[in-house]
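These features come from Swiss-Prot:
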- 278-293: compositional bias 'Polar residues' (COMPBIAS)
- Cys37-Cys106: disulfide bond (DISULFID)
- Thr136: O-linked glycosylation site (CARBOHYD)
- Ser140: O-linked glycosylation site (CARBOHYD)
- Thr143: O-linked glycosylation site (CARBOHYD)
- Ser145: O-linked glycosylation site (CARBOHYD)
- Thr150: O-linked glycosylation site (CARBOHYD)
- Thr152: O-linked glycosylation site (CARBOHYD)
- Ser154: O-linked glycosylation site (CARBOHYD)
- Thr164: O-linked glycosylation site (CARBOHYD)
- Thr181: O-linked glycosylation site (CARBOHYD)
- Thr182: O-linked glycosylation site (CARBOHYD)
- Ser186: O-linked glycosylation site (CARBOHYD)
- 278-318: region 'Disordered' (REGION)
- 19-204: topological domain 'Extracellular' (TOPO_DOM)
- 226-331: topological domain 'Cytoplasmic' (TOPO_DOM)
Amino acid sequence: MRPLVLLWGCLVLPGYEALKGPKEISGFEGDTVSLRCTYVEKMKEHRKYWCRQGGILVSRCGDIVYANQDQEVTRGRMSIRDSPQELSMTVIMRDLTLKDSGKYWCGIDRLGRDESFEVTLIVFPGKRDNAVPAGTCCPSSPTPSFQPLTPTRSLQPKAKAWQTQLPEPRSSRPVVWLPLTTPQDSRAVASSVSKPSVSIPMVRMMAPVLILLSLLLAAGLIAFGSHMLRWRKKAWLATETQKNEKVYLETSLPGNGWTTEDSTIDLAVTPECLRNLNPSAVPSPETQNLSQSTEEEEAARSLDDDKEDVMAPPPLQMSAEELAFSEFISV
């Protein structure tokens, strides 16, 4: 958690007073304005630039003008000069137009995050009035005399106002009219004063968010990959187990000479009976076992009888004379 906080601070928080300058400058159409941005000693060797802020959602620089040490660069109506001895750079804008109004950046180019300072330019419509034309001389006039101000108070039904009447000055000096400040202008000036001296561009604010999103995405991909690997390993182990069980069953089957009790065939039955035997007339296994035991007993008895017949002595063979003599004796 601590490295993420440090990363956020490095990306978002700008350098402390590394670059200073005016927050706002103004002028009329056709005028020339200049401003001066100062920087610290360690920024002396870096390249300086002046650009206009652009973009809608993400701030970016446009119309950038770069300047190196002791170099003055002019592009169009803008010029920038870097003075490392004074630790400052000067920006001049000529022939102002209403389109020049907007926000600009006075920045220092360096590796990683740039140091920048936001400046607001306000261009008033119309040209500045010159009371004294060029090439003319004003006649000398006596010291003007002024009358003291006499405030007059006028009451209205629902409001009170103090009105001050200014006497006409008895002088031939030209009159310079200052631009009137409306409530909107006063609010704009107040808001510009209340703004901090250092502004954070949208890119710097979005960079930590993008980095965190990328880290979360990478962590999710790693977790998903590990889950898939475990699932594939389990599936492979299950397949191998099934194969091993199948091989064991095939090797443990009985041989050709092995017969079960249910598969015993009664040898005493003739082939004709087997051919004429209907499937419905096939005896049950218990009946087959009983008939088989009875037939085995009968076969054993017949074998005993055969043995006795073999062991009995053969009959005596007598000749014809002996037979006749025996017949004679018996009579």
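Placement of Cβ uses the backbone N, Cα and C atoms for every residue, glycine included.
Note that the coordinates shown come from a computational prediction; the quantities given were computed from them, not determined experimentally.
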Below 8 Å Cβ to Cβ and six or more residues apart, same chain only. Which residues does that give for Cys106 (disulfide bond)? Leu19, Gly21, Leu35, Cys37, Lys48, Trp50, Met89, Val91, Ser116, Phe117, Val119
Over the topological domain 'Cytoplasmic' (226-331), what does the predicted model average in pLDDT? 63
Look up Cys37 (disulfide bond) in the DSSP assignment and reduce it to helix, strand or coil. strand
Within 10 angstroms of the C-beta of Cys37 (disulfide bond), the count of other C-beta atoms across all shown chains comes to 24
